[in-house]
Amino acid sequence: MELEGRTALVTGASRGIGRAIAVYLAELGAQVAVNYSSSEQRAIEVVEAIKEKGGRAIAVKADVSNLQEVEAMFEKVLNEFGDLHILVNNAGITRDALLIRMKQEDWDAVLDTNLKGVYNCSKAAAKIMIKKRRGKIINISSVVGVAGNAGQSNYAAAKAGVIGFSKAIARELAPRNIQVNVVAPGFIETDMTAALPESIRQEMLKQIPLGRYGDPMDVAYVVGFLASDKSQYITGQVIHVDGGMIM
Ligand SMILES: NC(=O)c1ccc[n+]([C@@H]2O[C@H](COP(=O)([O-])OP(=O)(O)OC[C@H]3O[C@@H](n4cnc5c(N)ncnc54)[C@H](OP(=O)(O)O)[C@@H]3O)[C@@H](O)[C@H]2O)c1
């Protein structure tokens, strides 16, 4: 199996895209730390699903925006698995509003989770990976970080920030044989998009050349490739998984 002997930490893996990534990386042979912030029962279910298929996994609670909790999470992963080869920064939230109605706390919450969380976890992972001179960091951005979207200025700023941040650390970490890449999903069927009104869902569908919403596995397959040795010569890239929304 391609990821046999590797350890992966997937943030926000209790649901949606993160869950699909965690289960798929385990199918490829990795031991997986399933991070969550509040959905403990759902994280435990992900761990059980991995174990049922013969894999190894643990659930780790941490709010990625909180440095102390992130440091404790990495310590727990190292204590349990002894190493870390793959970090997938997937945890994310939305707090949508038009700019003139956007509350400061909605701006801060989205930037703290979606951007500062990526910085916190990447820094902790890089410290481990640099010593071993190998590693994979995969950050989940969004088409919204590339094209913008009315009502999501906080989310767009954070997701665009993730792209710039990833390119900067891809350059910093390349000499240590650590690859950093970004996956930018389009409209993927999860709790996050289920919350949108049907009129907006239909409007989005019209903008997808492939004519369907994405499935979390569409994202997981790309992350599996970026986590594997098959992508050793790819770094600092943004891979769109969006049915052709951005070309
Ligand atoms: N769905 C889409 O169409 C789409 C498109 C583009 C990009 N994305 C991005 O893909 C990622 C996953 O999205 P999704 O649709 O799967 O979202 P989701 O179904 O809402 O799941 C979000 C996950 O993030 C976790 N999370 C939220 N805040 C956290 C925090 N502070 N610390 C740790 N974990 C936290 C949640 O954990 P708890 O359950 O414990 O709160 C949950 O596991 C996000 O970064 C999102 O922005 C999604």
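Backbone N, Cα and C atoms are what each Cβ position is placed from, and that goes for glycine too.
Now, the feature entries from TrEMBL:
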ACT_SITE  Y155  active site, proton acceptor
BINDING   G12, A13, S14, R15, N90, Y155, A156, A157, A158, K159, I188  NADP(+) binding site
DOMAIN    6-191  domain 'Ketoreductase'
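In this structure, the recorded positions that sit close to ligand 1, with a C-beta under 6 angstroms from any of its atoms, are S14, chosen from S14, Y155, A158.
When other Cβ atoms within 10 Å of the Cβ of A156 (NADP(+) binding site) are tallied across all protein chains shown, the result is 20. The residue listed as 'active site, proton acceptor' is 16 Å away from G12 (NADP(+) binding site) when you measure Cα to Cα. Here the CA atom of N90 (NADP(+) binding site) lies 14 Å from the CA atom of the residue listed as 'active site, proton acceptor'. Around the Cβ of N90 (NADP(+) binding site), the same chain contributes V10, T11, G12, A13, I17, G18, I21, I140, each under 8 angstroms and 6 or more positions distant in sequence. Counting Cβ atoms from all protein chains shown, S14 (NADP(+) binding site) has 26 others lying within 10 Å of its own Cβ.
Per-residue pLDDT, averaged across the domain 'Ketoreductase' (6-191), gives 98. Shown are the recorded positions Y155, I188; of these, the residue with the fewest other Cβ atoms within 10 Å is I188. The Cβ of A158 (NADP(+) binding site) lies under 8 Å from the Cβ of V110, L111, T113, N114, L115, G145, each of which sits 6+ residues away along the same chain. Those residues noted as binding NADP(+) (G12, A13, S14, R15, N90, Y155, A156, A157, A158, K159, I188) have their most widely separated CA atoms at a distance of 25 Å. According to DSSP, Y155 (active site, proton acceptor) sits within a helical segment.
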